[in-house]
Amino acid sequence: MENSRRQSLLPSFLYTPSSFSSFTPKTFAVPENTTSVLPAAHPSSTNKSFVIPAPSEPGKIEMYSPQFYAACTFGGILSCGLTHMAVTPLDLVKCNMQIDPAKYKSISSGFGVLLKEQGAKGFFRGWVPTLLGYSAQGACKFGFYEFFKKYYSDLAGAENAAKYKTLIYLAGSASAEVIADIALCPFEAVKVRVQTQPGFARGLSDGLPKFVRSEGTMGLYKGLVPLWGRQIPYTMMKFASFETIVEMIYKHAVPKPKNECSKSMQLGISFAGGYIAGVFCAIVSHPADNLVSFLNNAKGATVGDAVKKIGVVGLFTRGLPLRIVMIGTLTGAQWGIYDAFKVFVGLPTTGGVAPAAPAASEVAKV
């Protein structure tokens, strides 16, 4: 029973053993009729065993344990909640440019209009629903991504998961985001209304009950489908492109293996990979972002109304330059914070090493 419980923690190939410089390997036996999968670093090994990293010190976190997923969840809260709150001024200008482009003609003039009408403190209007909403979203996004990535890898098997790793990243991130957006949607609805309708409410405490009285409880979720349309492609691009970009950086731009790089260098690479991924995220999710802003600002509005008012070209271009700057910075900072927290609790940084397929000689033995 104990062996089968430990075996459920596999596969280990999504995280390189060498990433755990402070860990010692722990060997788990595999039944005789099971194909043996060996990490690439041990091609000459003949015993049928999985070698996976395990903490050598009491209190350290074991991979794929409940404590591991809890750590990833808390890291997601920090990375998404804090970063989205920090860029509230950019988000505020972006939302108003999408809703009223005649008044908010550009980034610089948009900040000028807000400063003139609402003062400096107006730049952080809506920061509470932003902090709480994106903390809830980040918890689900990162925690469930790690869970689904492992789950789909187990379903696919070691060889297929190594061969189709990008599909695993895409499926895992999409599944996680479906759940994350359900947590985010009510907060996002109130945030957009507070930010784009001066005088509607001061923030979440008075904005939420006022919104519910106006549109009912289900009105908080009228933007859920457009939110999925924005966030699912965004998150799929965010995770899959990040994993690919970081792997390419370690493979082509860094002169030594990941396990020989300092933690500060690894975190710098996480930020760089996240920023580049964020640019792609902003582009693919921008039309839906315009829809979300429009629907949450106008009572009773539909997607058709949004397309008619904004135009097809406007959906793809209105507010895009600012969103690229905002999302690029945001995504880079999120991956930096997330991986910094993982390092803090003794886990490896995300990505950087391609999964190893089963050794041909080992498969032939079975």
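Cβ atoms are placed via backbone N, Cα and C, with glycine included.
Feature annotation from TrEMBL assigns repeat 'Solcar' to 67-151 (among others).
Mean pLDDT across the repeat 'Solcar' (164-248) comes to 93 in this model. The repeat 'Solcar' annotation in TrEMBL covers 164-248 (among others).
Residues or ranges marked as repeat 'Solcar' in TrEMBL: 265-344 (among others). Counted with DSSP, the repeat 'Solcar' (265-344) comes out as 72 helix, 0 strand, 8 coil.
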Query raised in the report: Looking only at the repeat 'Solcar' (164-248), what are its DSSP counts of helix, strand and coil residues?
Result: 74 helix, 0 strand, 11 coil
Query - Helix, strand and coil residues within the repeat 'Solcar' (67-151) as assigned by DSSP - result: 74 helix, 0 strand, 11 coil
